[in-house]
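Peer 1: Take a look at this one; I'll ask things after.
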């Protein structure tokens, strides 16, 4: 009784000054038009209320105890002899003031409940139970994780330090059951009764990406405690937390406006049968934020009934101001998705000086002795790929990272993708190509040789188009060293794929680093492919003279579809040339045999273009101070969230030693990495397990490396929301996927925007650690839902809006099945291509071998005799 009185006092809508009146308990009903309260009101006021209490018009909503105000009999009269009573102006003013007080009290109580929930989630002292449990993953293997049980939620961390968040389980939608097991310990299971997701998208501190663990199921979790006593304690604690889970709905649901019928969770048919309702989803809206700002915004998300237009407009303006003030916190501009990899902006960046100063270096006496020791082992023309270079010539970053220097001006490609003129597109592509060379280290430095299986990923945010360019690279071969990379920005309409084989040659006083390979730039909306090649790096003055690093060679940028080609020649400094003759470049743009323009200048400074028909040259490209300030900001993965073979984490100790000037320690750390690579190679050789890249595959026909998850389909603004990356996999978040995921979280919306039960689809993959959501998903139709109303069954389908009609749902399911079939066929074709060469060779060998005769073996003669005997027996029976 005390608890009921406390809850009634806590969620009451009436102002403290009003006193409830006695009503007949047989004539009570719940007010389902206001979410968050369960106050009881009389069904037929007038008889049980005070004699002088005026009855309210029907459009004013159900009467409340505080609205039954005493009015003198003279202040009301009959309306045209009917049974309805008219409310006097005095009573109407009193009702309006009382309703305002109720709404203000409602907001304060809801805000207080929200703060209590936020405090329970973030306060480390509010813990029901915390201990280590083994959790079974999707691959049937067990992982020991730290579980923290709070009211309504189960927080899972990687370690007891509560720093590496893995996921959050929402207990309000879960059932608990003991699970028999033949293994030691005590096993129990948390599951969703309708096989939907039990995970929250964000953590208690707003984390969008969890720590990397083995994949966990989306609709259930199987736990194992060390002993039966510990397991029983967890069962009791979980049952207690399940009783408290109703408080979590204040944070998980985004209630609609109370002025519209059916927006209350208690009033909706879906909530009455235990199923969540859907809501309209904005593309940039968080799917399930569990941070302070979003929970505070929930306190202002509900609106009471509208008395008049003026009050409605005022409340809407106040609500929008409160929402804006609390929703733009911890929000990166243009963040496309909340479930992708976490990226942080790189603050420091070394660009180097323009001109010859950054390409010349004087070697110290100590380093000269190391160089002489190394040169004694070399012969002219020798390949340097297997030679271990001293660490003082190393640039403190991997070669995979260095290949990303070409995308700091990827906004030029965004402009080229929407350019209608083919010649102008070629010039923009050429300008982007030149923008990747002026960033150079101070002095003559060589990046790290990537370890086999090493990966690097980063992205650049485009503020003009609110998009991101993602860069994924992997070392797919060690001998020869091959680096494969993929760049994608589907929203802006371009992607780049390619591979580079690094080769080096020693020529006595000089050496050259050759970048053998090509890259293919594709404009998705036009299906245009531009093939690009790379110059080589030439270092001279090793034995005598000044050590200088230059770029040389001829490169081409060619588009076969529109027949445009750009040719560039990087010129080495001549023997008697001055400072102006270094880094020279010349080239031309042609269309077939016709020369359209010629270029000249310096690749790290000004480049001029002279078009045919014009008598003067114009500035084509210059890395001026303004251009440098317009560089896109690179975002990389935080070090603690990187995998073991990601570049920055892999080489962190070598980089730290080089930055401190400790060459001895850098050499030791570098040797340890190389020795570990050799050990892994020996283990693979002993186990006869060939190396298989994680993100790229080799086309057996063209012998080119391709990204496994590349998507060349044009961007669809009506369906596609944002492109995101998770674990090196690039995917696209779509409207249907967001609407389905929000449906699982139980977000109620206005009645005319609420989707029916058949629209609730279960996602194929919904992992707590930020595993990417595929746009393809399997369907799941609950059977225990109430039927849709006529209002919900009519109308066209709008993503995130009204419910689709049965015909649209049937067509969507048919298209989904067709799409999945096409994907499976494509995967089978890729697998067939992969083994094509092996099959052809085995077929050739089989053709050369002599084919045995049909009746050369005794077994064949025996079978023939048995067959003839059976035939004779059958003929005898039939006669």
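Every residue, even glycine, has its Cβ placed from backbone N, Cα and C.
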Peer 1: Can you say which of 31-61, 62-92, 93-123 is given as coiled coil in Swiss-Prot?
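Peer 2: My reading of Swiss-Prot: the coiled coil range is 93-123.
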Peer 1: From 268, 747, pick the one Swiss-Prot annotates as phosphoserine?
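Peer 2: The residue tagged phosphoserine by Swiss-Prot is 747.
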Peer 1: Averaged over the coiled coil (93-123), what pLDDT does the predicted model reach?
Peer 2: 78
Peer 1: Per DSSP, how many helix, strand and coil residues does the domain 'PH' (126-243) have?
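Peer 2: Final tally across the stretch: 19 helix, 45 strand, 54 coil.
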Peer 1: By a simple count, how many Cβ atoms lie within 10 Å of the Cβ of residue 504 (1,2-diacyl-sn-glycero-3-phospho-L-serine binding site), its own Cβ left out?
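Peer 2: Around the Cβ of residue 504 (1,2-diacyl-sn-glycero-3-phospho-L-serine binding site), 19 other Cβ atoms lie within 10 Å.
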